[in-house]
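**Student:** Annotation source TrEMBL lists active site, acyl-thioester intermediate at C94. Marked as active site, proton acceptor by TrEMBL: H383, C413. Under the heading domain 'Thiolase N-terminal', TrEMBL lists 10-277. The domain 'Thiolase C-terminal' annotation in TrEMBL covers 293-426.
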Amino acid sequence: MNQNTSIRKVAIVGYNRIPFARANTAYSNVGNQQMMIAALDGLIDKYHLNGKLLGEVAGGAVIKHTYDSNLMRECVMKTNLDPATPACDLQQACDTGIESAVYIANKIALGQIDSGIAGGVDSISDIPMAVSENLRKLLLEARQAKSLGGKIKTFLKIRPKDLSPLVPRNEESQTGLSMGGHTEITAKYYKISREDQDQFALRSHLNMAKAYDEGFFDDMITPFNGLEKDNNLRKDSTIEKLAKLKPAFDKVNGTLTAGNSTPLTDGASCILLASEEWAKEQGLPILAYITFAEIAAIEYVKKQQNLLLAPLFAASRMLEKAGLNLQDFDYYEIHEAFAAQTLATLKIWESPELSKEIGLKKTLGAIDREKLNVKGSSLAAAHPFAATGGRIIGVMAKLLNEKGSGKGFISICAAGGQGVTMIIEK
Ligand SMILES: CC(=O)SCCNC(=O)CCNC(=O)[C@H](O)C(C)(C)COP(=O)(O)OP(=O)(O)OC[C@H]1O[C@@H](n2cnc3c(N)ncnc32)[C@H](O)[C@@H]1OP(=O)(O)O
């Protein structure tokens with residue numbers, strides 16, 4: 001920490017991402033590094049950052065290989081940024097992207113750096129596999145053995161069951177339930193109907209399809225690996241087709257389906273943040289400012305329905321600090337992990353009984369749903385975990401810049417019962 005006590009404004013200067021691809025489709029032959037580099041290179045080209053020394057690049061992946069332990073620095077070294085640009089890996093589940101933005105923004109605000117990139121990437125097509133715990137211990141033992149005989153003796157202890165690989169699991173170790181499993185409980189507990197979930201998913205696809213048709217994403221996305229658009233987006237989606245899909249998590253009484261849940265996805269995104277002075281010196285536009293951010297966590301082992309509802313608490317605290325009401329915003333971007341979690345969030349905000357029951361100090365009230373996820377969100381774009389924050393911040397910055405003034409509210413839930421909210425202003 002330096003001694004600078006004046007807080008500077010943090011400008012969002014740029015955004016870029018590659019199209020998001022459903023797992024095992026367009027990006028099945030690439031990994032995190034290639035995707036992150038493509039997103040960064042697109043940003044570097046667009047904002048003339050070739051050869052530039054930036055303050056820092058921060059970001060990461062929720063799932064990464066051990067050889068990617070220094071992922072962001074490795075990526076920076078392979079882009080056209082000045083190789084003396086430092087980088088840092090961060091990971092906070094689906095909040096990785098937004099938390100990376102908070103990290104860079106705080107450093108800019110404190111005067112520690114003048115510019116930085118926050119990024120995020122994830123691949124489900126290229127997941128790491130680890131050896132079983134028993135095999136790992138035996139391999140370590142064999143490595144330490146002093147003679148060939150000692151090594152062979154250790155190898156002979158390996159049993160066939162030790163050879164099953166360990167793969168990353170999309171579940172909470174505290175409860176043994178997947179994100180979808182928890183959200184099934186959320187849907188039942190907060191009485192979110194299948195029809196409402198399907199309608200909400202359809203709206204996401206229609207909003208995003210319209211935004212593509214209107215050219216909204218033209219300057220936001222760099223084509224990659226033969227893909228020009230998010231390949232989860234379904235222009236032909238209808239409520240009838242969605243209604244026919246079978247429940248994915250609770251096969252008997254469930255309401256969550258492949259249509260109203262985000263799919264497993266590959267992709268990368270990044271945003272360029274800077275002080276006002278730096279942006280002006282570089283002749284770069286100031287799209288909007290990050291003005292507030294808040295993180296919260298929630299208990300979800302006893303109350304399994306609440307796993308993805310921590311942003312409710314982050315929102316309350318953030319609004320109190322900002323002196324704003326939930327209704328004071330021109331746009332809302334709420335990450336659609338599942339339609340049910342987004343709809344439960346809206347329902348709790350609207351209900352004094354549910355707000356009290358979950359432990360909020362006051363009921364925040366209803367938002368104008370016409371202002372929510374107006375360009376579609378994760379149900380349509382899909383959700384490469386760490387890349388979602390950058391996608392959402394980019395969309396909000398562009399919306400506010402196009403409008404010319406106003407305020408935007410962002411909310412992103414994450415595994416581990418955590419959530420981050422942010423205010424962006426123009
Ligand atoms: C904080 C957080 O963000 S937590 C969230 C983290 N993310 C997750 O947990 C991911 C959750 N999602 C999943 O696990 C998986 O995507 C699942 C289990 C929901 C679905 O997996 P799959 O069954 O493999 O999905 P798949 O892609 O095959 O789709 C199933 C069917 O639905 C259809 N479908 C999917 N979306 C739509 C849609 N919008 N409209 C119409 N049909 C659709 C597919 O075409 C497919 O039909 P087919 O069987 O005739 O080919």
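Using the three backbone atoms N, Cα and C, a Cβ is placed for every residue, glycine included.
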**Student:** Can you tell me the mean pLDDT for the domain 'Thiolase C-terminal' (293-426)?
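**Tutor:** Across the residues of the domain 'Thiolase C-terminal' (293-426) the model's pLDDT averages 98 on the 0 to 100 scale.
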**Student:** Are there residues of the same chain, six or more positions away from C94 (active site, acyl-thioester intermediate), whose CB falls under 8 angstroms from its CB, and which are they?
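**Tutor:** V62, H335, A337, H383, F385, A386, T388, G389, I412, C413, A414, A415 - these are the non-local Cβ neighbours of C94 (active site, acyl-thioester intermediate), listed in sequence order.
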**Student:** With DSSP, how much of the domain 'Thiolase C-terminal' (293-426) is helix, how much strand and how much coil, in residues?
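**Tutor:** So the counts come to 60 helix, 27 strand, 47 coil.
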**Student:** Among the active-site residues H383, C413, which residue has the fewest other Cβ atoms within 10 Å of its own Cβ?
**Tutor:** H383
